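Written out below as structure tokens is the structure these notes cover.
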Amino acid sequence: MRIGHGYDVHRFGEGDFITLGGVRIPHKHGLVAHSDGDVLLHALSDALLGAAALGDIGKHFPDTDPRFKGADSRALLRHVVAIVAEKGWKVGNVDATIVAQAPKMAPHIETMRGSIAEDLGVAVDQVNVKATTTERLGFTGREEGIAVHAVALLMAR
């Protein structure tokens, strides 16, 4: 059994929606990123890679590589799952915490869980996503961006 932790942050910029957990959410800003900016899937990918001692998404999908410009983070996550499986691991469960003042995440959580479960090849009850605010403190509280913490449990195949 292995446990990994992932963390990612993206700042708000131009746009009228964000993508989190593979779900498009209307918002007054977009997220600035080299890929599609799905901070939730980036943190989950890092947690999975960390648990398998395979580095991080920057190593596998560098933002200096034009192939990943605007990349679909769901495709990147599925690739991470394949890399982890090649090393003899399968996902036991994942848990993520979205830290954001806005937009409200509650209406989208179940859809995120389903999308993530599909990409991980696991049941929805092996995926947990929750959200919190920082009571208007820090960069997330000032609505400058979004952060996500994620943990993943891997089990031998």
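For all residues, glycine too, the Cβ spot is worked out from N, Cα and C.
The annotation divalent metal cation binding site is assigned in Swiss-Prot to Asp8, His10, His42 on the grounds of sequence analysis. Here Swiss-Prot flags 8-10, 34-35, 56-58, 61-65, 100-106, 132-135, Phe139, Arg142 as 4-CDP-2-C-methyl-D-erythritol 2-phosphate binding site, drawing on sequence analysis. Annotation source Swiss-Prot lists site 'Transition state stabilizer' at His34, Thr133, citing sequence analysis.
Overlay of Swiss-Prot feature records on the structure.
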residue : record                                                 : DSSP class
His10   : divalent metal cation binding site                     : strand
His34   : site 'Transition state stabilizer'                     : coil
His42   : divalent metal cation binding site                     : helix
Phe61   : 4-CDP-2-C-methyl-D-erythritol 2-phosphate binding site : coil
Pro103  : 4-CDP-2-C-methyl-D-erythritol 2-phosphate binding site : coil
Thr132  : 4-CDP-2-C-methyl-D-erythritol 2-phosphate binding site : strand
Phe139  : 4-CDP-2-C-methyl-D-erythritol 2-phosphate binding site : helix
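In sequence order, Val9, Leu31, Ala33, Gly37, Asp38, Val39, Leu40, Leu41, Ala43, Ile146, Val148 are the same-chain residues whose CB sits within 8 A of the CB centroid of Asp8, His10, His42, the residues recorded for divalent metal cation being left out.
Cα distances from Phe139 (4-CDP-2-C-methyl-D-erythritol 2-phosphate binding site) to the recorded positions Asp8, His34, His42 are smallest for Asp8. In this structure, the recorded positions under consideration are His10, His34, His42, and the one with the smallest number of other Cβ atoms within 10 Å of its Cβ is His34.
Same-chain residues at least 6 positions away in sequence with a Cβ under 8 Å from that of Thr132 (4-CDP-2-C-methyl-D-erythritol 2-phosphate binding site) are, in sequence order, Thr97, Ile98, Val99. Of the listed recorded positions, namely Ser35, Thr133, the sparsest CB environment within 10 A is found at Thr133.
It is 33 Å from the Cα atom of Thr133 (site 'Transition state stabilizer') to that of Asp65 (4-CDP-2-C-methyl-D-erythritol 2-phosphate binding site).
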